[in-house]
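J.: Annotations for this protein, taken from TrEMBL, read as follows:
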REGION    60-97  region 'Disordered'
REPEAT    166-207  repeat 'WD'
REPEAT    208-249  repeat 'WD'
REPEAT    250-291  repeat 'WD'
REPEAT    292-333  repeat 'WD'
REPEAT    376-416  repeat 'WD'
REGION    459-480  region 'Disordered'
Amino acid sequence: MPAATTEAESIEPQSLKKLSIKSLKRALDLFSPVHGQFPPPDAEAKKIRLSHKMKVAFGGVEPVSQPPRQPDRGNEQTTSSALALTGPEGSKSTQKGVTENALVVGPTFQPKGLNSIGTSGKSTTIIPANVSSYERNFSTSALMERIPSRWPRPEWHAPWKNYRVIQGHLGWVRSVAFDPSNEWFCTGSADRTIKIWDVATGVLKLTLTGHIEQVRGLAVSNRHTYMFSAGDDKQVKCWDLEQNKVIRSYHGHLSGVYCLALHPTLDVLLTGGRDSVCRVWDIRTKMQIFALTGHDNTVCSVFTRPTDPQVVTGSHDTTIKFWDLRYGKTMTTLTHHKKSVRAMTLHPKENAFASASADNTKKFSLPKGEFCHNMLSQQKTIINAMAVNEDGVMVTGGDNGSIWFWDWKSGHSFQQSETIVQPGSLESEAGIYAACYDQTGSRLVTCEADKTIKMWKEDENATPETHPVNFKPPKEIRRF
């Protein structure tokens with residue numbers, strides 16, 4: 001015991017700093033290589049790394065072993081390793097005296113007979129086994145069967161250009177509708193007026209006053225000489241275009257009216273508004289036929305069809321509802337969107353429609369409302385307006401002034417442009433509130449927040465060579 005105490009006393013005291021420097025020096029001596037030189041390669045680590053890479057690249061591949069053949073006269077028995085695709089049965093014949101240790105990629109089929117041909121008619125690709133690991137991993141793409149994309153290729157469409165800017169309104173332009181004769185179109189504005197413009201020249205023909213708030217919805221009848229308007233003042237008006245005055249008003253909405261549509265075959269008018277109700281009016285008697293209730297928030301878009309579902313509404317509650325016009329009941333509710341459905345458009349030829357929301361633009365089939373697909377790009381803004389013509393060119397207009405043109409069939413956006421605000425306006429006033437094609441589908445009118453109306457047409461000088469389609473099919477089809 002006393003000897004232990006003397007040994008403890010003989011240890012010279014050392015400072016904490018000195019001890020830590022000693023420890024650091026020992027660690028460097030043990031683990032650090034000579035500075036400026038790389039440590040020698042560790043063969044065991046390299047072997048483990050290569051085996052892991054092989055397992056990742058060829059984990060699902062099983063070796064096919066065959067019984068060794070007897071060597072022929074004068075030939076030595078050799079062994080080769082190869083990667084091979086399954087091919088015809090006849091392609092399995094190899095050189096004499098060679099035993100194959102092959103890796104077969106893909107499904108293997110049991111031979112039915114000596115002279116039978118395998119079910120796979122593909123050729124056999126041999127990759128020599130003596131290539132490097134990197135080259136072998138790189139060449140696995142050559143072994144995989146190329147499956148062509150089933151996504152339809154977009155048709156070529158000429159890009160659209162702005163050829164006319166019409167000024168005249170004193171407020172945001174909120175709505176637009178074309179005359180069935182295609183001679184004029186009307187616009188409704190936040191300055192509480194409705195203006196009628198000549199399509200060919202863009203000249204103002206008429207200004208109608210009567211609303212006391214902004215005009216949010218317009219429709220022109222193709223059965224009568226009537227035009228219908230709806231606004232934030234809760235009023236829905238019927239204008240006689242022979243006398244240019246209001247002849248009927250439809251009372252019943254409890255708040256602003258945001259959208260309006262005319263039935264194509266019946267004398268029925270549909271309006272939707274902030275009271276979460278789509279109301280069905282008899283045009284002649286001014287009576288409310290139905291109040292289509294079921295939405296939990298503002299009804300901001302509506303369109304009608306001659307066959308069931310005759311009424312389709314979109315709402316700020318993110319749902320789209322199909323309505324049975326005979327009983328005034330909901331037929332189907334679509335809950336695919338995650339944001340407000342502010343715009344919808346019906347294809348003029350196909351039994352399909354598209355709906356736009358801040359999350360995505362989606363296409364649905366009719367009459368069942370089955371989800372077809374999302375558009376292949378996201379505009380990433382609130383979409384207030386959309387329209388489609390018979391050629392399959394769909395246009396969407398956003399709150400930030402972006403106007404995108406889409407190929408209807410494939411969902412490919414072939415043109416993405418920004419509207420230019422008129423001089424004197426703020427950059428923040430580059431917003432598009434309404435869009436509509438004329439009756440021929442060759443002219444497009446957009447209504448904007450800088451108080452202007454812009455007219456667009458296709459570029460006549462564009463060809464598929466000057467403006468090629470830059471299309472990449474999606475890798476996966478999202479089903480929501």
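Cβ atoms are placed via backbone N, Cα and C, with glycine included.
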J.: By Cβ distance under 8 Å, which residues at least 6 away from the ends of the repeat 'WD' (250-291) in the same chain are close to it?
T.: 213, 216-219, 221-224, 226, 228-238, 297-306, 310-311, 313, 315, 317, 323, 325, 328
J.: Which bits of the chain, at least 6 residues beyond where the repeat 'WD' (292-333) starts or stops, bring a Cβ under 8 A of a Cβ in it?
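T.: Answer is 258-265, 268, 270-274, 276-280, 339-346, 353, 355, 357, 364, 366-369.
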J.: Any residues 6+ beyond the ends of the repeat 'WD' (166-207) with a Cβ under 8 Å from its own?
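T.: Counting only partners 6 or more residues beyond its ends, the repeat 'WD' (166-207) has Cβ contacts under 8 Å with 213-220, 222, 227, 229, 231, 239, 244, 422, 431, 433-440, 443, 445, 447-449, 451-455.
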